[in-house]
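Trainee: First the structure, then my questions, so here it is.
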Amino acid sequence: MDEREEDEGAEEAWLQLRPVEPLPSQCCGSGCSPCVFDLYHRDLAKWEAAHSSNDRSLLSGKQPQSCPSELNPEDFLAFRISAVDKLTNDTYCVRFALPGNSQLGLRPGQHLVLRGIVEDLEIQRAYTPISPATAEGYFEVLIKCYQRGLMSQYVESWRAGDTAFWRGPFGDFFYKPNQFGELLMLAAGTGLAPMVPILQSITDNADDETFVTLVCCFKTFDSIYLKTFLQEQARFWNVRIFFVLSQERSLEQLPWSYREKTHFGRLGLDLVEELVSCCRRKPFALVCGSPEFTKDMVKCLLCAGLAEDSYFLF
């Protein structure tokens, strides 16, 4: 082999080590930091520096770990699925095992990114654990599946004993006890997920006297998630929970315990203004749902008199 062929072979070897730019499907779209594209550009800069100096020792990367150690935003860790419970016709609560009595290490309301591979395509989506931040030996995630969703195909194939890869935590809302006089939580569908651990952290802490008004928006009564948990939380002196059902029309068809706290239709300006005016202390709003729901709620909250620094969007 002559010198030119050796150079070509060396260059080919370097090109094989060059990071591959992620596909759009590999970005979960939740504004995570670092995003998969941030990691790509970081690794690309590392590769370019190593290539220019012809020093492969500068290319030190980590592979996804096969067992949980310390959760971090950059590397995927494998977690064993211990249970898959179907809550509704399209929504699951999935429990993942942690070693011994260890805790996941997330603050209430923070989320993780799940990696799945379907039809040789890597996809990533963000999900918020609904288990208490203090849960030991496990964490639980609420996942809604869609008929044509790629990640949905992956999730619906899960069985107890399978393994899934997560990285995180992500999220910029850090709740502190008694930080706000009252939290006004507006949640649509699985947007309930980040509200659950925040609410539970308040009711689990006898020293936290924050008032909470939680508004859960669903299509029907049967589609409401976590009914038992919500009923239990509503018994606390500082918690009020309301439901807004867009496809129900008759109060008589609801259980008695739901009739006084359920509204029909969609959550709009009139009801938001009523909720804000009925808050027992100055409210800080938390909003989670579809992009359309979030956009509508921001308009309603501003019209109801909240300042732009008086709400947070998950």
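Each Cβ is built from the backbone N, Cα and C atoms, and glycine gets one as well.
A quick note: this is a predicted structure, and the numbers were derived from the prediction, not measured.
So TrEMBL lists the following for this protein:
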- ARG125, TYR127, LEU142, LYS144, MET151, SER152: FAD binding site (BINDING)
- 74-176: domain 'FAD-binding FR-type' (DOMAIN)
Trainee: Within the domain 'FAD-binding FR-type' (74-176), how many residues are helix, strand or coil going by DSSP?
Mentor: 7 helix, 48 strand, 48 coil
Trainee: Specify the count of other C-beta atoms within 10 Å of the C-beta of LYS144 (FAD binding site).
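Mentor: Step by step: centre on the Cβ of LYS144 (FAD binding site), count other Cβ atoms within 10 Å, giving 17.
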Trainee: Averaged over the whole of the domain 'FAD-binding FR-type' (74-176), what is the pLDDT?
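Mentor: Computed over the domain 'FAD-binding FR-type' (74-176), the mean pLDDT is 93 on the 0 to 100 scale.
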Trainee: What other residues of the same chain, not counting ARG125, TYR127, LEU142, LYS144, MET151, SER152, have a CB atom within 8 A of the CB centroid of the FAD site?
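Mentor: Apart from ARG125, TYR127, LEU142, LYS144, MET151, SER152, the close residues are LEU114, ILE143, CYS145, GLY149, VAL155, THR190.
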Trainee: Suppose we draw a 10 Å sphere around the Cβ of MET151 (FAD binding site). How many other Cβ atoms does it contain, all chains included?
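Mentor: So the Cβ neighbour count for MET151 (FAD binding site) comes to 20.
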Trainee: Validating a neighbour-count step here. Other CB atoms within 10 A of the CB of TYR127 (FAD binding site): how many?
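Mentor: That number is 22.
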Trainee: Rounded to whole angstrom, what's the largest C-alpha distance between any two of ARG125, TYR127, LEU142, LYS144, MET151, SER152, listed as binding FAD?
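Mentor: Maximum Cα-Cα distance: 13 Å.
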Trainee: Which residue among the binding-site residues LEU142, SER152 has the fewest other Cβ atoms within 10 Å of its Cβ, if you could check?
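Mentor: Lowest Cβ count within 10 Å among the binding-site residues (LEU142, SER152) is SER152.
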